[in-house]
Amino acid sequence: MTVASPAPAGVARPKKPAPSRFLIAGLAVTAAITVWAAWEIDFTLGPLFENFANGWVVVEQFLRPNWGYLDNAWTAWLETISIAIVASFFGVAVGLIFAYMASNVTNRSTRLYRLTKWFLSVLRSLPDVAYVLIFVALVGVGSLAGILALFIFNIGIAAKLTSETIDAVDPGPLEAADAAGNGTFSRARWAVQPQILPNFLSYALYIFELNIRSSVVIGYAGGGGIGYLIQVQFARFNYENVSAIVISMFLVVLLIDQLSQYLRRRLV
Amino acid sequence: MSAETTASTTRTARPQEPGKARATIGAIVLVVLVIGGGFFSNAQWSKFPDIFTEGGRYFYLMLRGIVQNPFSEPYSEYWVQAFNGMLESISMAWIGTMIGAAISIPMGFLAARNVSHPALVQVTRVILNAIRTLPELIFAIILLLPIFGFGPNAGALALGIGAVGTLGKLTAEALEGIDPGPVEAARAAGAPRSAILRWTYWSQVLPEVLAFWLYRFEINIRASAILGVIGAGGIGSVLSQAFRYREWDFIGILLFVIIVVTVVVDSVSGAVRHRIIAGTGKTDKDIDTEPVGL
């Protein structure tokens, strides 16, 4: 081995290992699902080339946003932000109670713990739009339906995120509380809550952001706010107005993201 | 002096309670915001009690729909429509995820600081952030309906575009977090750039990225229901139709199918994700970067 020969004669290159059966099966299943799904929805990119001219007319209108329309939009924005504030406040407050019930750490009854987990996963499996449709049927079109729908929706998310944080708390204070003979409520309040509070508040801000983002959906389904305005303007083919609203939405979401990131950095 | 020390050992003074001024101000601001929100949202709070008076009745009607003999008319038709709608939604979500995944790979590489040029990184990140800011519904409205018309095809494309934002960002972050060792080894052995990207970068992030894709699929199933409301097909369209005619027993069946299928798909997909990232040192929590429901 005095001379570093590039490839010593006679030493065969090791054989490439054969792909595992797991991989082959996985790829086959993926390909099968993809083909089937594409067939199910008649997937095609054809219209992109055939109807591009139609689309371009719309895009052109979008490129000339009607800024004047934003004078009408600001009340809708106020409505959307108000909906988000009320729904996230009550949603995360109730979500916190569910979070305590959905963690082994704070909930000492296994049966209640399982029941809460099951209930929350049912709650989360419905999309927000389903809740909007339900509440529109119950209380009529308007922002009350939006508030109630987001409220229910927020409970699921807040409870999931917070209960995962509760699962990971430092057990020290809990042991101390147990040793001092605390009951279920006071150990949750004094041994767990101080530990999770910064995370909880940051989830609350995150949920507020989510609520602003889903305002389009909420309004479309009849829950009031900026989404309703988009729906009306879109239905009337006023694409210049829709474009102005979309750009304002972009700015509002960005602004709220920044604000909430700033607050979250100070909290955690 | 000494007398004082002994006194404090026998009876330590209680430390002063920390000030609560900040918390109090925060609470007051919050209360003002919530009351203001309740007022400016223009919500008709007087209708609030309707939930309890009407809610019970509707809930009963929905339950009644579920427990009816599913092979009798018209319930057999309801169940068939519900399952077909859900299949269409899942297909939309799957194709959307595939499109998003395919586009997000190059975007992710372009947005990773340790792979591409700093200027390119900035440009790509701005694009990805812009996509992430806007909800899928907007893409569907603006770009797709005029070209693709109403239907699941437009929905799948909107979901695909929407997925690029998150997937691209997560792929870039995964790439930035890789172990540089293999990269140096490949470079020292004289590997071309394409081989370095394929065999050192991509191999290291693949499990994590696959898990992101599956997670996005779970999110897209819910999002596809949302797109259905504007006429993009799938269970969302069926659902809003049923609500328009107030067919409560049908609504009950639809919600039941959505819940069951979503929970089943979530747990299968979750198990696969868990298996994929096992051994990479990542946990499920690293993958669930945004809660389902966006």
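Think of each number as a place in line: the chain as shown, counted from 1.
The backbone N, Cα and C atoms fix where each Cβ goes, and this holds for glycine too.
Note that TrEMBL annotation is computational and uncurated.
Per TrEMBL, the feature domain 'ABC transmembrane type-1' maps to A:77-260.
The transmembrane segment annotation in TrEMBL covers A:22-39 (among others).
Annotation source TrEMBL lists transmembrane segment at A:81-102 (among others). Listed by sequence, the residues of this chain that lie at least six past the ends of the transmembrane segment (A:81-102) yet keep a Cβ under 8 A from its Cβ atoms are 112-113, 116-117, 120, 143, 146-163, 165-166, 188, 192, 200, 203-204, 207-208, 211-212, 215, 218, 223-225.
Taken from TrEMBL, the feature transmembrane segment applies to A:129-153 (among others). For the transmembrane segment (A:129-153), the list of distant contacts is 79, 82-84, 86-88, 90-91, 94, 123, 211, 214-215, 217-225: same-chain residues at least six beyond its ends, Cβ to Cβ under 8 Å.
As annotated by TrEMBL, transmembrane segment applies to A:210-230 (among others).
Annotation source TrEMBL lists transmembrane segment at A:242-263 (among others).
If one looks beyond the transmembrane segment (A:242-263) by at least 6 residues along the same chain, the residues whose Cβ comes under 8 Å of a Cβ in the stretch are 61-67, 69-70, 73, 77, 205-206, 208-209, 212-213, 215-216, 226, 229-230, 233-234. Under 8 Å from some Cβ of the transmembrane segment (A:22-39) lies no Cβ of any residue in the same chain that is six or more residues away from its ends.
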